[in-house]
């Protein structure tokens with residue numbers, strides 16, 4: 001049975017949908033869900049094949065976006081972290097009337113490094129894909145450790161991420177591989193130039209997966225969007241800086 005796991009909580013006239021990153025699930029938001037649900041009607045989602053959304057194989061980005069939309073409110077702020085940022089962006093491109101505002105967190109429209117573009121080296125992503133078939137739990141843990149490296153709270157942030165992964169059944173290897181394939185191949189730099197809704201991009205200065213060099217490049221490419229860098233955060237600013245993170249989202253709501 002292919003069912004997306006979906007939880008709605010809180011009250012507010014503005015809906016906020018949170019989409020997690022690769023290898024994880026919606027439990028990753030528990031550090032901020034109480035605060036956010038006092039300002040928004042909050043929607044927590046396990047992406048297809050992750051967490052409690054079982055019964056899915058590897059999906060393309062477009063199919064993942066369509067699957068998530070099935071249970072979504074008519075209109076919401078869509079916030080996506082890392083891989084989830086690509087899913088939220090895809091929804092903004094294909095169903096702009098459903099997106100009140102787009103927020104991407106530690107996400108890139110093109111995660112893979114190109115000649116003219118900083119990112120994760122393609123051979124690193126290919127290496128992760130290879131290692132998944134050998135020892136996928138260890139590979140996922142390595143990927144999580146990369147996400148918090150360099151921050152003052154790196155150890156406890158990494159522990160929080162690991163706890164999130166271990167709280168629920170691990171995704172199937174083909175689902176994890178499919179997610180890496182999306183990170184390796186998708187490039188939304190040009191399409192996202194024309195999104196009509198407010199667009200907020202949040203980054204960690206110490207992020208080892210989304211280099212801060214992309215921020216001014218995207219400021220130039222997407223002049224209508226706004227960017228913000230958490231000075232002491234890495235790839236998971238909502239875990240290391242929850243108060244500041246929630247404040248930015250409440251401020252966005254007040255501007256709508």
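Positions of Cβ are set from backbone N, Cα and C atoms, glycine also.
Residues or ranges marked as domain 'AB hydrolase-1' by Swiss-Prot: 15-242.
Per Swiss-Prot, the feature substrate binding site maps to 22, 82, 83, 143, 144, 145, 146, 147, 235. Within 10 Å of the C-beta of residue 22 (substrate binding site) there are 26 other C-beta atoms, taking all protein chains into account.
The active site, nucleophile annotation in Swiss-Prot covers 82 and rests on sequence analysis. In the three-state DSSP reading, residue 82 (active site, nucleophile) counts as coil. Cβ environment of residue 82 (active site, nucleophile): 20, 21, 22, 105, 106, 107, 209, 210, 235 lie under 8 Å away, each six or more residues apart in the same chain.
The feature active site is assigned by Swiss-Prot to 207 (among others), with sequence analysis given as support. When Cβ atoms from all protein chains are considered, those within 10 Å of residue 207 (active site) total 27, not counting its own.
With a 10 A radius on its CB, residue 235 (substrate binding site) counts 29 other CB atoms from all the protein chains. Annotation comment: Swiss-Prot describes 235 (among others) as active site, evidence class sequence analysis.
Per-residue confidence over the domain 'AB hydrolase-1' (15-242) averages 94 (mean pLDDT, predicted model). Here substrate is bound by 22, 82, 83, 143, 144, 145, 146, 147, 235 per the record. The longest Cα to Cα distance in that group is 16 Å.
Look at the binding-site residues 83, 144, 146 and count other Cβ atoms within 10 Å of each Cβ; 146 has the fewest.
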